[in-house]
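Annotated features, as they stand in Swiss-Prot:
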| type | residues | note |
| --- | --- | --- |
| BINDING | Gly10, Ala11, Gly12, Lys13, Gly14, Thr15, Arg123, Thr132, Tyr133, Gln202 | ATP binding site |
| REGION | 30-59 | region 'NMP' |
| BINDING | Thr31, Arg36, Gln57, Leu58, Val59, Gln92, Arg156, Arg167 | AMP binding site |
| REGION | 122-159 | region 'LID' |
Amino acid sequence: MRIILLGAPGAGKGTQAKIIEDKYNIAHISTGDMIRETIKSDSEIGKELKKVLDAGQLVSDEFIIKIVKDRISKDDCKNGFLLDGVPRTIIQAEELDKLGVNIDYIVEVDVKDNLLIERITGRRVHPASGRTYHTKFNPPKVEGKDDITGEDLITRTDDNEDTVRERLSVYHAQTSKLIDFYRNFSSTNTKTPKYIKIDGDQAVDKVSQDIFNQLK
């Protein structure tokens with residue numbers, strides 16, 4: 001099973017991706033995680049990527065395809081995989097097709113923008129462990145402190161409202177074209193991904209069940 005998981009920043013893609021990965025025993029390929037690891041390395045390319053993300057822009061198609069191509073060649077992807085964060089553009093989708101990557105399902109987790117903004121701007125992170133909290137939905141026991149270590153929590157630099165609105169604008173502009181691309185795929189290809197739109201405003205387990213009901 002090969003799945004593309006779509007959803008705006010803050011839609012809960014990461015949570016659903018982990019649940020899908022465990023249920024179907026497929027590899028979860030998160031470009032976001034791979035990009036963050038590159039930034040942590042403090043290399044020159046990592047510094048450039050940080051500037052791009054801080055400005056609310058998307059990483060180049062060339063870089064994304066390069067890291068995805070390398071990742072899907074690994075043995076753990078032979079049983080299938082879930083792409084989280086790619087493709088985001090028509091160019092990326094076309095490049096995946098050129099690589100012979102046949103997709104079975106396109107799953108979009110749809111959440112209203114006002115809720116996404118609330119989710120993201122209230123997010124707080126413990127840098128060392130990656131533990132994530134939320135000022136409203138999942139607050140720490142002590143405000144601004146990690147529950148386990150007591151260390152300070154931070155707000156990611158790209159989690160401010162202006163940057164979030166810019167990211168959402170870019171996401172919507174590109175995703176609508178991407179969905180049209182895959183819908184039109186049927187005119188020239190016998191194997192067409194099934195497009196599934198899921199209401200992401202629901203509880204996590206309800207979102208998961210709705211996805212499972214469609215992945216048959």
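Keep in mind that glycine also has a Cβ here, set from the backbone N, Cα and C atoms.
Using a 10 Å Cα-Cα cut-off around Val59 (AMP binding site), the binding-site residues Gly10, Gly12, Gly14, Arg123, Tyr133 reduce to an empty set.
The DSSP breakdown of the region 'NMP' (30-59), given as helix, strand and coil counts, is 21 helix, 1 strand, 8 coil. Counting only same-chain residues six or more apart in sequence, the Cβ atoms lying under 8 angstroms from the Cβ of Gly14 (ATP binding site) belong to Ser30, Gly32, Asp84. Across the structure, Arg167 (AMP binding site) and Gly10 (ATP binding site) are spaced 11 Å apart at their Cα atoms. In the predicted model, the region 'LID' (122-159) shows an average pLDDT of 94. Under a cutoff of 8 A between CB atoms, and with a sequence separation of 6+ in the same chain, the neighbours of Arg123 (ATP binding site) are Gly10, Thr132, Tyr133, His134, Thr155, Arg156, Asp159. Gly12 (ATP binding site) and Thr31 (AMP binding site) are 15 Å apart (CA-CA, integer value).
Set side by side, the binding-site residues Arg156, Arg167 differ in how many other CB atoms lie within 10 angstroms of their CB, and the most is found at Arg167. Cα of Gln57 (AMP binding site) to Cα of Gly12 (ATP binding site): a span of 20 Å. Overall, the recorded ATP-binding residues Gly10, Ala11, Gly12, Lys13, Gly14, Thr15, Arg123, Thr132, Tyr133, Gln202 cover a maximum inter-Cα distance of 20 Å. Taking the C-alpha positions, the distance from Leu58 (AMP binding site) to Gly12 (ATP binding site) comes to 19 Å. Distance from the CA of Gly12 (ATP binding site) to the CA of Arg36 (AMP binding site) is 17 Å.
Mapped onto DSSP helix, strand and coil, the region 'LID' (122-159) counts 3 helix, 10 strand, 25 coil.
All chains included, 21 other C-beta atoms sit within 10 angstroms of the C-beta of Gly12 (ATP binding site).
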